[in-house]
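As recorded in TrEMBL:
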DOMAIN    15-255  domain 'SMP-30/Gluconolactonase/LRE-like region'
BINDING   GLU17, ASN146, ASP196  divalent metal cation binding site
BINDING   ARG100, ASN102  substrate binding site
ACT_SITE  ASP196  active site, proton donor/acceptor
Amino acid sequence: MSQSVQNVLTARARLGECPVWDVDRQQLFWVDIYNHRVHQFDPATGQDRYFDTGDVVSAIALAGSDRLLLALRDRLAFLSIPTGEITTLHQIEFPHPDTRFNDGKCDLQGRFWIGSVSEVPGQAALYRYDPDGSLHVMETGLTISNGLGWSPDGSTFYLTDSAQHQIYAYDFKIEMGTIANRRILVDLSNETVEPDGLVIDCQGNLWSALWDGWCIACFNPAGQEILRVKMPVQRPTSLTFGSNNLSDLYITSASVGLSQKQIQQGFYAGDVFCLSTNLSGLPTQQFLGSPKVQR
């Protein structure tokens with residue numbers, strides 16, 4: 001595997017996150033949270049266009065051939081790819097005004113799992129949004145619910161709490177969509193880095209973007225670190241497998257919170273990168289619901 005990371009898009013995002021690979025289009029969707037944008041990037045042409053959401057947008061999921069499911073500050077919505085129209089599906093009232101949705105991803109049954117982030121420690125949560133439009137609280141006591149994913153056989157669910165510098169593993173029941181038996185799989189609390197976005201490869205390894213670490217890291221299913229790949233930016237944020245055979249790792253990054261000196265040291269902060277690997281990722285799961293639009 002080449003450990004040479006290529007800059008494929010000069011984006012200068014404030015907080016690039018949640019890259020999602022569209023196999024049919026062979027394009028990458030990703031968000032810039034604080035600039036309120038959903039981007040659509042075509043690696044073949046280098047063209048990148050964006051949709052202005054008018055609000056914080058932290059996570060996306062494919063939801064059919066012509067729309068995306070969005071996690072905005074405090075609501076879930078559909079975005080029409082052809083028109084850019086946004087329709088609200090579900091509004092939530094968080095217990096604290098400084099809480100918002102954060103990272104999210106779909107499971108094998110087409111349910112959307114979405115965490116929140118709170119300025120108040122222990123006040124964030126993990127939710128499951130079902131295809132019928134119902135929203136369920138699945139975990140509490142979190143602070144920065146972040147990267148999540150499933151083992152290739154679907155029996156294990158992984159969740160990151162960046163504030164705790166930890167990645168958890170849970171037993172997962174696919175049919176019921178339930179999690180149980182939380183345990184610490186990866187503990188980076190003795191480091192200054194924070195695990196952020198997460199993706200799983202076909203061998204069950206976990207790839208995590210290490211915020212403030214200038215790198216991404218790979219852990220085996222037992223939680224043991226396999227390798228770290230250096231990045232030309234201080235704050236890689238999330239990652240996903242893409243391209244024809246799902247062997248290219250696309251990585252987003254952030255410039256938010258960095259001083260001018262730090263940005264100069266990491267000149268490519270906020271850009272999108274690609275790492276060619278000899279592995280392959282798992283297919284992107286779509287949201288399979290068509291809930292009623294909130295009026």
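Cβ coordinates are placed from backbone N, Cα and C, and glycine is handled just like the others.
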Cα separation, ARG100 (substrate binding site) to ASP196 (divalent metal cation binding site) (Å, whole number): 16
Remaining residues near the recorded divalent metal cation site, that is with C-beta within 8 Å of the centroid of the site residues GLU17, ASN146, ASP196: CYS18, ASN102, ASP103, GLY147, THR160, SER162, GLY197, LEU198, ALA209, TRP211, THR237, SER238
Cα separation, ASN102 (substrate binding site) to ASN146 (divalent metal cation binding site) (Å, whole number): 7
Reported mean pLDDT - the domain 'SMP-30/Gluconolactonase/LRE-like region' (15-255): 98
Length of the line joining the Cα atoms of GLU17 (divalent metal cation binding site) and ASN102 (substrate binding site), in Å: 10
